[in-house]
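Visitor: What Swiss-Prot shows for this protein is this:
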type	residues	note
BINDING	Gly8, Arg11, Arg91, Arg137, Arg140	CTP binding site
BINDING	Gly8, Arg11, Arg91, Arg137, Arg140	ATP binding site
BINDING	Asp21, Asp23	Mg(2+) binding site
DOMAIN	228-329	domain 'HD'
Amino acid sequence: MQIYKVGGAVRDRLLGRPVTDIDWVVVGASSDEMLARGYRPVGADFPVFLHPQSGEEYALARTERKSGRGYGGFTFHASPEVTLEEDLTRRDLTINAMAEDEQGRVIDPYGGQADLEARLLRHVSPAFAEDPLRVLRVARFAARYAGLGFRVAAETLALMRQLAESGELQALTPERSWKEISRALMEPNPEVFIQVLHDCGALAELIPEVEALFGVPQPAAHHPEIDTGVHVLSVLQQCARHRQPLSVRWACLLHDLGKGLTSEADWPRHIAHEARGVPLIDAVNQRFRVPRECQELARLVGEYHTHAHRALELRPNTLLELLQSFDVYRRPQRFEEFVAASEMDARGRLGLEQRDYPQAAYLLGAAQAARAVSVKPLVEKGLKGAELGEALKRARLAALKAYKEERGKA
């Protein structure tokens, strides 16, 4: 029985990065032997055990064989006869197919160390093309390690393109796809994730609404980068630089979907693209069963982001309607995230990344002014029901008028 550290822990140590999770593989042991040593079984599909002291996962060495569609269409075989090399060959990338023995020696049968040096994300074997989830995983690793100079090997990108064309991506469950997408959007370079999916044809299969933005021009005066797809990539880059949460990053990815529906005859203008985009945003949200808070923010950002850009010009009653659309009185954080997403949109433009965005402070100040209006005096006057609601609305409108006048003087 031999125990090896495998996968990400070995990779990240060699890269000089912090090692968080450690996975272990056990060669030459059976399930009965693991149980006899006090390990607790947790694997439903194949033998995985928790260490009795550390709680870390130990998996019996196994092989896998394609037996159906999708990432779940595999038959696994675990036995004491399975070698370490056989276990490593089923892994996706060479940099993830290394092991370390108990003396700290690296076992690297597929050239993972050489690919680390060359900064290449390369598949281990042609079996890579059997698992559609690997398309998303490789794109996610590209987003994680882009800052270190990593790129997807040409032959691996070709296999990813083959998978995209095969229709296998459609076999991925919404939950599994969302798990990979959401993790990738939180990587240091989320725009690289989308770019890689675009380059291999997978974006057209998974989120065709975003794919449709590439090649769609915008007015150069407002968008020096011109291409809407490139703009979305730039906005995601700004999200990462400003450490925005997942909800903001997801909203930014989808905020301009309506531009993909603009007739070529109307290019480069995109009048009413906000409203046109809302049904598309809803469709993408439903496709991946996105968490509610991400769904709601994406929809609102898509519909109202140009309101944010014109915030200083909005009349008090329009500003009040905007605040009410976000239920800013009960959910102030959602409005703050909307403002953040709008600012990322404004900064995600070639050469304008550092420009001021006074609309952010103005909108947050307006929300504060409206929320400062107390309902208590109105209740004490005996107002209730619809009458109370109208009085409260008038009071908030007055507060916003005063706020706008005061800001105008400043």
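Using N, Cα and C of the backbone, Cβ positions are placed for all residues, glycine too.
So where do these features actually land, and what's packed around them?
Guide: If you draw a 10 Å sphere around the CB of Arg137 (CTP binding site), it holds 19 other CB atoms from the protein chains shown.
Residue environment of Arg91 (CTP binding site) contains 21 other Cβ atoms, counted within 10 Å of its Cβ in all protein chains. Classification of Arg91 (CTP binding site) by DSSP places it in coil, neither helical nor stranded.
With a cut-off of 8 Å between CB atoms and residues at least 6 apart in sequence, the same chain places Gly8, Ala9 near Asp21 (Mg(2+) binding site), listed in sequence order.
Here the domain 'HD' (228-329) is broken down by DSSP into helix, strand and coil counts: 77 helix, 0 strand, 25 coil.
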Visitor: Please work out the number of neighbouring Cβ atoms within 10 Å of the Cβ of Gly8 (CTP binding site), leaving out its own Cβ.
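Guide: Gly8 (CTP binding site): 18 neighbouring Cβ atoms within 10 Å.
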Visitor: Let me know the largest Cα to Cα distance in Å among the ATP-binding residues Gly8, Arg11, Arg91, Arg137, Arg140, as an integer.
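Guide: Greatest Cα separation within the listed binding residues comes to 15 Å.
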Visitor: Give me the sequence-ordered set of same-chain residues, not including Gly8, Arg11, Arg91, Arg137, Arg140, with a C-beta within 8 angstroms of the centroid of the CTP site's C-beta atoms.
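Guide: Neighbours found: Gly7, Asp92, Leu93, Ile95, Asn96, Phe141.
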Visitor: Tell me the Cα distance separating Asp23 (Mg(2+) binding site) from Arg137 (CTP binding site), rounded to the nearest angstrom.
Guide: 17
